[in-house]
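Taken straight from TrEMBL:
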ACT_SITE  79  active site, proton acceptor
BINDING   83  ATP binding site
BINDING   84, 97  Mg(2+) binding site
COMPBIAS  270-280  compositional bias 'Polar residues'
DOMAIN    1-215  domain 'Protein kinase'
REGION    233-262  region 'Disordered'
REGION    270-289  region 'Disordered'
């Protein structure tokens, strides 16, 4: 099990009943996306309270700390977004995703060629272009998550069709605009996360180095210092951090075999065996099933939707992992 205050705790799975039950840490405020929605002021929600600068910074730091922990263990998330982070009673944010958000936010995912479900609007250029996933591609997704926080969960690239997003992002021809009333530190980090060249992109350690001084309030600063993974790690230079990141396992589409037995054990929203081409057809598709977690030798953090046919086999695998 993961031992980090900013990564959701999975306690167990009951697979003897249908549907299976996932037992995890209670997060009273639900997922971050719905929590951000509640802070919007509108005709339907006139009493929505604006999210404070302090809360935005704290959320950003919490999630960066969880991702820094996962990257230190050579885990790659591949679906980092507000919908996959959870908020507890004291507004602490934790990184999650057991594949459960896809049923709720199905329009955030798209099907390619009737096979793969992809969070296209959160994906890095190299993931769309080459099928490459690593910690640095997670950093790109983190930048989109910061944009979600600043906009109170608007859809990224609103007004662009899926095909347009794929075409423009993969060649570096588009980035998200600065949201209104966005704290400058968050916008600066967004730009650092969206460097087209991967070697120019900031690391999660670098993100925290910039964010932590902006945490407001002595109590919040002390809590973060006591609970964060960041404060347990020795300070590294940018060169050391980039070297550590470059040594991590990289997933590419070529690592996804067509063998059915292997596919049953890969718990990941994979891009299929080819990168996305400009003329690929993308369409909205609902998703069903229960997600899971797997760690393989020298492999990163893998998540995927499941089909009913393989639920029992995957849950047995997960049970053996968490036990």
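Any Cβ shown, glycine's included, is placed from N, Cα and C.
Remember, TrEMBL labels are computer predictions, not curated facts.
Projection of TrEMBL feature records onto the structure.
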{"residue": "79", "record": "active site, proton acceptor", "Cβ within 10 Å": "27"}
{"residue": "83", "record": "ATP binding site", "Cβ within 10 Å": "25"}
{"residue": "84", "record": "Mg(2+) binding site", "Cβ within 10 Å": "29"}
{"residue": "97", "record": "Mg(2+) binding site", "Cβ within 10 Å": "23"}
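Across the residues of the domain 'Protein kinase' (1-215), the predicted structure has a mean pLDDT of 90.
Each residue contributes its Cα atom, and for the residue listed as 'active site, proton acceptor' and residue 97 (Mg(2+) binding site) these two points are 8 Å apart.
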